[in-house]
Structure formats: structure tokens, C-alpha cells
Amino acid sequence: MKHTNQSGGGAPCHVAIIMDGNGRWAQRRLMPRAEGHRRGVQSVRRVIEAAAKKGIRYLTLFAFSSENWKRPAEEVNALMRLFATALKKEAQAMLEHGVRLRVAGDLSAFSEEIRESIRQSEAITAHCDAMVLTVCANYGGRWDIVQAFRNILLRDPSVALHPERITEELVDANLAFDWAPAVDLMIRTGGEQRISNFILWQAAYAELFASPTLWPDFGQADLEEALNWYAGRQRRFGMTGEQVQALGHGE
Ligand code: IPE
Ligand code: IPE
Ligand code: MG
């Protein structure tokens, strides 16, 4: 997997965010959980703008996990409606900001209406190159690795007879979003410190930042806090701190 920041510091090229805490935000206000999700969409808009301003080239957002189908049907339906509306409403704003939208996940589970909105939003922003926004929907890190191996075999069944041809590069190239480099910084909002089956392979060397802020309250200042924290990290990729310093990029 291509790492963009070989030894850290500076600005991350690829930021991935687990947008968590919508439900708690609403419950604290005695509102239905769906209201938290609705407010969460406003944070998405704010954070896309803030990230683009900061020059982040790849922003990846965890919108709905393969496990989130386990939630009450009413909540799942509310999330689907929000997703469909946001896709239609936000595509134009993304176009104006030069943001290319891509969606990663098992899209076969979504309604035809949602799949059509995804196709349209991806198509109208296909030429945008300021930032690539990947929305992970019905996405799971384990699903991604399994579908990568299935793809490898489907594309070239002879690999089964030559397993030595399976390399990290080949797996990379078959992941659900082969367009993005490795994750530099993974942020989880809402205070939990777990990955919850988000991008596993691509985040193998990501720096992890847990923000206590609930996603509907998350904004530019919170993003800046995470970026400042990241700038102070020394990324070692298995080496010693001294080796990294000798390379001339360390702290
Ligand atoms: C994240 O917020 C949004 C999704 C998982 C879709 P949650 O709904 O998980 O919020 P909490 O964790 O219950 O507060
Ligand atoms: C992860 O949050 C999924 C998304 C943010 C879309 P969850 O709220 O589903 O994670 P768990 O269940 O608390 O681990
Ligand atoms: Mg949660």
C-alpha cells in the first residue's frame, strides 16, 4: 500500500473519519436519534469544506457500516432517507468546491433510487480534482478484504494455481477504493476508541485520533485539533525513532 507521509509530521494526505455520536447527541436533548443523524449531515458539509480548505486530498467518511443494518428498522429507514436526500442535495455543492464524490461499500443492498443517485453524483463530479471524498456506505473492513480476494480470483482464475502471485500490491489494487493511498490519520468522534470494522487494510499504519466531540458538534476547530496533533506525530513504519530522525523527516 502506498504511504504518502513516509515519516509523518506536516499535513496528512488521506484523512478517514468514523462519524460517531449522532444518537447520543439527540438522546441528550431528548430528541429522536434520527434528529442526531439529520444534524450529522450538516457536520458532513462543514467538515468537507474545512478539509478542502486545509488542502486534504483524500477525505473518507464512514456513513453506514455493514453492521448498522442491525439497528431498529425505523432508524435504518431514517438513515436511508437522509442518505438519498443528501446525495441529491450535496452533489451541486461538491461540484462547486471541486470535490469528487465516490461511494465505497456493498451497494447491492441499497434501493435503486439510492444507487441511481450515487451513479449521478459520481458522474457529475468525476472531473473534480481538489479533493476526493469517499463515502463508505454499507462498508465493512472485513467485507472489503473478502471482496478483494474474490475479485482477484474472478479477474484471473489461474491465480488459484499460483498463490505466490497474490501480493500486497495486488490486494491493494482490488480493494473497494483502490483510488486512495493509505490512510494517514483516522479520526473517531464521540469518544469511543475502536475501529468498528472501518477500513482495516488501508489504515494499517494510520495515526488514530479519538475526539470526545459528538459528530453533530464536530467542526473546523475539532478538525484543526486533530491535524495539529497529527503534525506532531513521528511515524516510524516499524523503524526506530533514531532511524526516522536520521532520514531527516522526524521530530
Ligand atoms: C453514528 O452515530 C452514525 C451511524 C452509525 C450511522 P451513532 O448513531 O452510532 O451515535 P451513537 O454512537 O449511538 O451516539
Ligand atoms: C461505526 O459506528 C459506524 C459508523 C460511524 C458509520 P457504530 O456506532 O456503528 O460503532 P459501534 O457499534 O459503537 O462499535
Ligand atoms: Mg455509535
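Cβ coordinates come from backbone N, Cα and C, glycine included.
Owing to the predicted nature of the structure, the values given are computational and were not obtained by experimental measurement.
Per TrEMBL, the features are:
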BINDING   Asp20, Glu207  Mg(2+) binding site
ACT_SITE  Asp20  active site
BINDING   21-25, Arg33, His37, 65-67, Trp69, Arg71, Arg188, 194-196  substrate binding site
ACT_SITE  Asn68  active site, proton acceptor
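Cβ neighbours of Ser66 (substrate binding site) (same chain, under 8 Å, six or more residues apart in sequence): Gly105, Asp106, Asn138, Tyr139, Gly140, Trp143, Asn197.
The most densely surrounded of the binding-site residues Gly23, Trp69, judged by C-beta neighbours within 10 angstroms, is Gly23. Taking the C-alpha positions, the distance from His37 (substrate binding site) to Asp20 (Mg(2+) binding site) comes to 10 Å.
Ligand 1 lies under 6 Å from the Cβ of none of the binding-site residues Ser66, Arg188, Ile195, Glu207. A Cβ distance below 6 Å to any atom of ligand 2 is met, among the binding-site residues Asp20, Trp25, Ser66, Ile195, Glu207, by Asp20. Within 10 Å of Arg188 (substrate binding site), judged by CA to CA distance, lie the following recorded positions from the set Asp20, Asn68, Glu207: Asp20. Checking the binding-site residues Asp20, Trp25, His37 for a CB within less than 6 Å of any atom of ligand 3 leaves Asp20, listed in sequence order. Around the Cβ of Ile195 (substrate binding site), the same chain contributes Ile18, Gly141, Met186, Arg188, Ala203, each under 8 angstroms and 6 or more positions distant in sequence. The local packing around the residue listed as 'active site, proton acceptor', expressed as other Cβ atoms within 10 Å of its Cβ over all shown chains, amounts to 17.
In the three-state DSSP classification, Gly21 (substrate binding site) falls within coil. Between the CA atoms of Asp20 (Mg(2+) binding site) and Trp69 (substrate binding site) there is a gap of 16 Å, rounded to the nearest whole number. Taking CA atoms as the reference points, Glu207 (Mg(2+) binding site) and Gly21 (substrate binding site) are 21 Å apart.
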